[in-house]
């Protein structure tokens with residue numbers, strides 16, 4: 001994977017979420033097309049709902065594998081960060097700017113893992129830490145669930161859906 005974990009807790013926030021994202025030096029993958037009968041995102045009043053997203057890479061391929069089997073815990077966290085980037089690509093493609101997001105309300109992270117794996121929250125931190133770097137700790141961290149699954153579509157290691165409040 002080309003991305004890196006966001007470990008610098010002393011990150012200085014700039015003025016806007018767009019500027020914060022640019023300062024991270026990360027790339028957005030292409031926004032994915034729906035693989036079924038659903039919308040990738042939906043605006044309802046002041047809320048933006050994002051459907052479940054997987055880890056799309058810059059070349060539009062998916063990261064695949066099961067955590068605790070073919071994917072390590074650290075690579076699982078990186079995969080969750082990549083899911084966060086994929087979600088950001090959908091936001092950018094559909095509403096144009098991260099600045100139109102006021103805050104993260106809720107994140108549901110699903111981890112494709114072995115029955116023995118118990119560190120689901122650690123994995124989903126990959127996306128949550130990314131959102132905190134963009135919108136700040138107050139607005140970038142919402143409520144969250146992180147759960148283990150026996151499988152996910154196309155054998156992706158992580159799927160995440162989220163709810164955001166718009167400005």
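The backbone N, Cα and C atoms fix where each Cβ goes, and this holds for glycine too.
Annotated features, as they stand in TrEMBL:
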DOMAIN    20-138  domain 'Endoribonuclease L-PSP/chorismate mutase-like'
Per-region confidence, the domain 'Endoribonuclease L-PSP/chorismate mutase-like' (20-138) (mean pLDDT, whole number): 98
Residues of the domain 'Endoribonuclease L-PSP/chorismate mutase-like' (20-138) by DSSP state, where helix covers H, G and I: 50 helix, 28 strand, 41 coil
